[in-house]
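K.L.:
Annotation source TrEMBL lists domain 'Histidine kinase' at 669-874. Marked as region 'Disordered' by TrEMBL: 1-28. According to TrEMBL, the transmembrane segment annotation covers 62-83, 123-146, 152-180, 192-212, 227-247, 268-298, 318-337, 395-415, 436-458, 464-485, 574-595, 607-627 (among others).
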Amino acid sequence: MNRHSAIEGADLPPRDETGFPGLEPTPRSYQSWVADETIEDYALRYAPASHRRWSPTTITHTALGGISFLALEAIGAALTISWGVHVTVVAVLIASVFIFVTSLPIAYHVARANVDMDLLTRGAGFGYIGSAITSLIYATYTIIFFALEGVIIGQALLVCFGLPLPLGYLLSALAILPVASRGMTAISRFQVATQLPWIVLALLPFAAIAWAEPDAAARWLAAPGPAFGLLSLGGAIGVLCALTLQIGEQVDYLRFLPPREAVTRLRWWGALILAGPGWILIGGTKILMGSFLVWLAIGDGMAPEFAVEPIGMFWHAYEYLFGPRTALLVATVYILVAQVKINVTNAYAGSLAQSNFFLRVARYHPGRLIWLLIHVAISCALMLMGVFATLEAVLAIYANLALAWLGAIFADLAVLKPLRLSPARIEFRRAYLPDFNLVGCGGMALGALAGLALYAGLGGPIAQAWSAPIAFALSLIAATGLGLMRHGRGFIAREPHVFRRRSRCDCAICSHGYETRDMAYCTFYERPICSLCCSLEPHCRDFCKRSRTPGAVDPAGAPALRLHRMPPRLGRRAWQVAAMFAVLMAGLGMLYLIARHLSASLRAMQVVAHVFLGSAPPLALLAFWAVMANERRRLTEEDLIDALRRLGSTQRELAIRQRLAAVGEVAATISHELRNPLGTITSSVEVLSRSPGLGPDAEEDVQRIRRNIARCSRIIDILLDFARQGAHETVPVDLRDWLSGLVAEHPAGAHVVLEVPAGMRLRCDPARLQFAIRNLIENGWQAAESVPGREPRVILRAFRDGHRSIIEIEDNGPGLPPEIRARAFDPLVTTKASGVGLGLSLVRRVAELHGGDAWIERTGPEGTVMRLSVAAQP
């Protein structure tokens, strides 16, 4: 298929005359695993209706299959050992309510918009590039928990079979690849098939414990522990808050939920709640189960450092049913089933997040399968580094970033959208999004910085313990305040183009067909383009979002640094250097906080602090170098594109001139050849007019022949002018009388309505201007006649507009096709089978000779309005 056929029949806007580069798009072909959506799973796209074929029940089972992860039990065990049973129970209840409430709007909007967590964030107040930071946070979350779950598998294999930890880690990583690589199709089958065994193995030991020790739960709740207070409760909640990002993995499946119209309301909402925020109902229970099991194991004499590991607590629990060896084997089987189920989800969600991050940062997408392998490799490295030993420290620091992100998203989805201060529709396409949105980025930055500062101890021990919830609250308040101040501005870079005539459209670059929801109109190439090709486009540099009016807001959405008398380019450099330096220092700061939390030596902490401060100057130089290198590359690309644009424009102009020169030579030859027979006809008519006995009817025919001979002579003169543009003479005319005579001579003059004010005068070349207007009337009449069942009508108007006189011709024809409208005044462009394509080109040339222009005012199914302007008489 010809890739240019994508534009045929599409609802395309007219050509942008203000700066279209005129480059031909380079065809793009994707690797087979990228083009195969059963593998790619619409990783960077809106999930189309054709791919949302699973039932709500299957979606629910698939999403809840990931709640099997035993890191929940490990977290419950760690909190119980650190803070006691009472604090753990209260913290789980508070965190569960909080997670449910904050997750509900995310799940709802994902199910309605059919996008994943990364695409949702783009349109929820962060912008196209701004959401790359959150994609990195989300990818880090999936990597951390993949490593934690893999460590649990490795420990179980070590205890049960004596398998070395590195080999166990490798096996745990490789086991998920056959399923995760095939996307939703294979994952849904796997999760449904393993759901019942997992549930049975999970509940079996608790049933045995309840049978053997009916009062165990009561004794667990009454267990003594550290004093209950804000400090301990805040510390426990801070760790649990890191789990709020689990909603991201849930909605990666929830985006495939069928439309509400396709299923009953109860089934749709039931799947939405259970597969979305409802995960915490099971997850919170599992945290409490881990707390109960670790209390039980330690009470029976197991070492706390072994009891906190899932293999230890479940080995002890299964001993209520089996002997020690059998209990260990069953516990290992249960851990393998549960951890493979969750790591399939972790790997799948991580591959989506990494695809989104590197697509925006590097404009590179080798395919979700490649990022899946990279995700697994990074997770294996973290396992070998002993990530499980730093579980609480990592989650507590990470919770500040996660909650700052979710606070900004919650502000947009639950506050700004209901107040209509942000677009109701989730926009994810690069072509229509600003690079940065101050609402989400600013709110998250404020919340994250405040949370990390409090966690570092700047606000005291209580503020340090509650740093994550405070980060969420500040982010929510800041994002809401910024949204109120901006009052809806900055969420959309330009209004999305609506493809009204079709539900699917072909991409002009990759030639694949997609639903129009996933398509954008590219003003750089002036063709439809899919969202992925748009994101990968390296040349346009957001040409479609550049400001066309003086004083317009920068569509990139980045706050402009306006310093007194500072050149704009210098201000932009300063802002970019400051932003990059802040990101580098923030990353280094997180490492400092982790080291500070893990180190008990004051001397070691002083050394780390000196290293942190001493790294600031080199990082500032690195940021400056990176910004300048990027600007040099950008300027080089713009020069190259500008040169290509000029070359393409010159080539097209040269081709048109060559064609026009050929047409001009033909026109000159034809004009010369026509003058001789036309002269003979003129002489014959003169002789005939002097013949005696010529009746009145014959005299009228002779006059008509003379008028048409004169018209043919004028057309020949116009054709000669086309071949060699010459000077023209102007005379003043009374426009109303002159146009009345012109209309009267037209064969359809009786159907032409004249609307010209009396006394309106104009200085013009009557012959040339009459040719142009007659041409427009003829075109309008032919268009009006082509519509069956509609009475043809042409209206000829004239009016003043400042220093110009406007002549307007309106018809009630079918309108012009979009692809013709953009080139209507180009030479050799016609919609008529027998047309030459010079008519409108000559009309524009006549208008330009009179100091004006010709253009299409509007066109559509109800008709077309053409306008011709002439410099008004003083």
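Backbone N, Cα and C atoms are what each Cβ position is placed from, and that goes for glycine too.
A TrEMBL annotation is a machine prediction, not a hand-curated record.
Just tell me what is around each of these and how deep it sits.
P.N.:
Listed as Cβ neighbours of the transmembrane segment (268-298) (distance under 8 Å, sequence separation of 6 or more from its ends, same chain) are residues 56-57, 59-60, 62-64, 66-67, 70, 72-77, 79-81, 85, 88-89, 92-93, 95-96, 99-101, 103-104, 106-108, 110-111, 206, 209, 216-217, 220, 223, 240, 243, 246-247, 250-251, 253-254, 257-258, 260, 304, 307-308, 310, 312-314, 316-317.
Within its own chain, the transmembrane segment (318-337) has Cβ neighbours under 8 Å at 68, 70, 152-153, 156-157, 159-161, 194, 197-198, 201-202, 204-205, 208-209, 211-212, 310-311, counting only residues six or more beyond its boundaries.
Through the fold, the transmembrane segment (436-458) approaches residues 121, 124-127, 129-131, 133-134, 396-397, 400-401, 403-405, 407-409, 411-412, 416, 422, 464, 466-468, 470-480, 482-483, 486, 490-491, 556-559, 586, 589-590, 593, 596 of its own chain, all at least 6 residues removed from its boundaries and within a Cβ separation under 8 Å.
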K.L.:
Would you confirm whether the transmembrane segment (227-247) and the transmembrane segment (464-485) meet the contact rule of 3 or more C-beta pairs below 8 angstroms, pairs 6 or more apart in sequence?
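P.N.:
Yes; at least 3 Cβ pairs under 8 Å.
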K.L.:
With Cβ-Cβ distances below 8 Å as the criterion, list the same-chain residues six or more beyond the ends of the transmembrane segment (464-485) that contact it, or say none.
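P.N.:
Cβ under 8 Å, 6 or more out: 98, 102, 125, 230-235, 237-238, 241-242, 396, 399-408, 410-412, 415-416, 421-422, 438-440, 442-444, 446-448, 450-452, 454-457.
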K.L.:
Against which stretches of its own chain does the transmembrane segment (123-146) lie, if we need a Cβ under 8 Å and a gap of at least six residues from its ends?
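P.N.:
Same-chain contacts beyond the ends: 69, 71, 109, 113, 115, 117, 242, 245, 248-249, 342-343, 346-347, 349-350, 353-354, 356-357, 360-361, 375-376, 378-379, 382, 387, 394, 398, 401-402, 405, 408-409, 411-413, 416, 422-423, 425-428, 430, 433-437, 439-441, 443-444, 479, 483, 491, 557, 583.
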K.L.:
Does the transmembrane segment (395-415) come close to the transmembrane segment (192-212), meaning at least 3 CB pairs under 8 Å for residues 6 or more apart?
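P.N.:
Contact criterion not met.
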K.L.:
What same-chain residues lie close to the transmembrane segment (62-83): Cβ under 8 Å, and 6 or more beyond its ends?
P.N.:
54, 91-92, 145, 148-149, 152, 184, 187-188, 190-192, 194-195, 198, 202, 225-226, 232-233, 235-236, 239-240, 243, 246, 249-250, 253-254, 274-276, 278-279, 282-283, 286-295, 298, 304, 307-310, 313, 335, 337-339, 341-342, 344-346, 391-392, 395
